[in-house]
Amino acid sequence: KGKCPEDGWDESTIELFLHELAIMDSNNFLGNCGVGEREGRVASGLVARRHYRLIHGIGRSGDISAVQPKAAGSSLLNKLTNSVVLDIIKLAGVRTVTSCFVVPMATGMSLTLCFLTLRHKRPKAKYIIWPRIDQKSCFKSMITAGFEPVVIENVLEGDELRTDIQAVEAKVKTLGAENILCVHSTTSCFAPRVPDRLEELAVICANYDIPHIVNNAYGVQSSKCMHLIQQGARVGRIDAFVQSLDKNFMVPVGGAIIAGFNESFIQEISKMYPGRASASPSLDVLITLLSLGASGYKQLLKERKEMFSYLSSELKKLADSHNERLLDTPHNPISLAMSLKNLDENNGAAVTQLGSMLFTRQVSGARVVPCGAVQTVNNYTFKGFMSHTNDYPCAYLNAASAIGIKKQDVDVFLKRLDKCLKASRKEVKKEKSVNEVCNSNTGTEQLED
C-alpha cells in the first residue's frame, strides 16, 4: 500500500527486506557482466555492507525520481520511501499534501533547488521576499540560486517577533509582482521569533500570483507548524515546503523532503536535480520509519509535546530564581527563550561567557544570544544577528524541545544551567567589587594630587 506500517518491524525483518531489494540490483546478480562506467562496484566489503549492497543510488542522469532498469531494488526503495514519507507528512497534520520526494541534500540546498525551478517559470523575477530569520543557510539558499533577498524586518509584539504582513504587501507593490520570484517564509525557528503568519502570506501570494516556498526545517515534529502549512494551502497559496530528515526523523544529516500540493510542480523540482543521487538518506529514513511504525512516530511526537510543557515550566522556575524571566512566546511550539538581562547589564561579556561555560559542561544546542551582535553574510550586514531583529530588548538564552528529547536531558540541562548562572553572577559581583575599589583608589589619588 506504500504506507508506513502501524506497528514497527523488528531489525531482522527490516534487514531481510533490504537484502531482498538489494538482490534485485544488477551489481548483485551472480552472473553479472558489467562493461559500463558505473556498475556498482565497491572496493571495500565494509562499505558494501554499510549500504546493504544497494550501491546504484537513486534516479537516472536526467531525473532523480526516474526508475533505473539495472537497479530495480534501489528504484523500488526510492519509490517506497517517498510514499511512506508522504504518509507520515499527512499523519503529522498536512492532510492535503499530494506529492513529496526525499532529496540527498540538507534543507538549505533543497530550498535552492526549489528557487532554481521557479526561475524557469518566472524569467523576469530577481527578488525573493524573506521575513527575516537569522539562520545563515536560509539566507545563502537564495544567494546561491542567484536571487536578491528582500529582507522584511519582524515586528515586536510583546516578547514575540512576528511577520510584518503590511511591510510584505507594501514591498510586493513597490517591486512589482512579476519581478518577485517568491515569498520565502519560515515555520520552525528559535524563540523569541515565532512561525511566520503563513495564512496571511499565502493569501497575499494568491492575490498577487506569487509563488510561496516554506522553510519547514524541523516543523514536521510540531502539529502547530504543520497546521499552519495546511491552513496556508487551504486559504491561499503554498507551492512547496521543505523539511530536514535529521531534525524530524533522527537520522544522520544529509537529506531533506520537498513536498507540495501540486504534483506536477514537485515533479518539476525533482527533474531539476542534475544526475543520480545517493540513496543513503532514503535508506536511513525508510529503515527508521519501518522500525518505528506509524504508532511509534506518533508516540515520539506526543512525548516531544509533553517535554516542551515540562521544559517550559521548569525553565520558568529557574528563571524566576535568578531574577530573570521566561520570555512569553506562545506561538513558538518548539523553542523557548529565557532573558539574561541582569547578566548583560552588569557585564556584556558574561553573556557569551555563559554560552562557553555551558558548552564545556557538555550542554549542546543551547544558544546564548547577546545584544547588538553584527554579522555580515554575503555582503549583507545583519544588526543584532541571531536575535532576528536589529535591536531586541534583552540578551537571552534558547533551549528547544525537539523530537527524541528525554526528561533526563531537561533535568541535566537545568541543573547545569543553574550552576553556570550562579558562577556567572559570582564572577560579575567579583568584577564589580574590583572596579569599585579601583574607582575609589583613583578618587583618593586625585584628591592627594
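Here the Cβ of each residue, glycine as well, is placed from N, Cα and C on the backbone.
Automatic prediction, not curation, is the source of TrEMBL annotations.
Copied over from TrEMBL, here are the features:
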BINDING   Arg38  pyridoxal 5'-phosphate binding site
BINDING   Arg60, Ser61, Gln68, Arg276  substrate binding site
BINDING   Arg234, Arg361, Lys426  tRNA binding site
MOD_RES   Lys247  N6-(pyridoxal phosphate)lysine
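For the binding-site residues Arg361, Lys426, the largest tally of other C-beta atoms within 10 A is found at Arg361. Of all the binding-site residues given, namely Arg38, Arg60, the one with the smallest number of surrounding CB atoms inside 10 A is Arg38. Cβ neighbours within 10 Å of Ser61 (substrate binding site), excluding its own Cβ and spanning all shown chains: 11. In the structure shown, across all protein chains, Lys247 is the one of the recorded positions Gln68, Arg234, Lys247 with the greatest number of other Cβ atoms within 10 Å. Cα distances from Lys247 (N6-(pyridoxal phosphate)lysine) to the binding-site residues Arg60, Ser61, Arg361, Lys426 are smallest for Arg361. For Ser61 (substrate binding site), the spatially nearest entry among the binding-site residues Arg38, Arg361, Lys426 is Arg38, judged by CA separation.
Listed in sequence order, the residues of the same chain lying 6 or more apart from Arg276 (substrate binding site) and placing their CB within less than 8 Å of its CB are His56, Gly57, Ile58, Gly59, Arg60, Ser61, Ile64, Gln68.
Residues Arg234, Arg361, Lys426 are the ones the record ties to tRNA, and the longest Cα gap between any two of them is 54 Å. Using the Cβ center of Arg60, Ser61, Gln68, Arg276 for substrate, the list of other same-chain residues with Cβ within 8 Å runs, in sequence order, Gly57, Ile58, Gly59, Gly62, Asp63, Ala66, Gly275.
Residue annotation for substrate gives Arg60, Ser61, Gln68, Arg276. The furthest Cα pair among them is separated by 10 Å. Distance from the CA of Arg38 (pyridoxal 5'-phosphate binding site) to the CA of Lys426 (tRNA binding site) is 64 Å.
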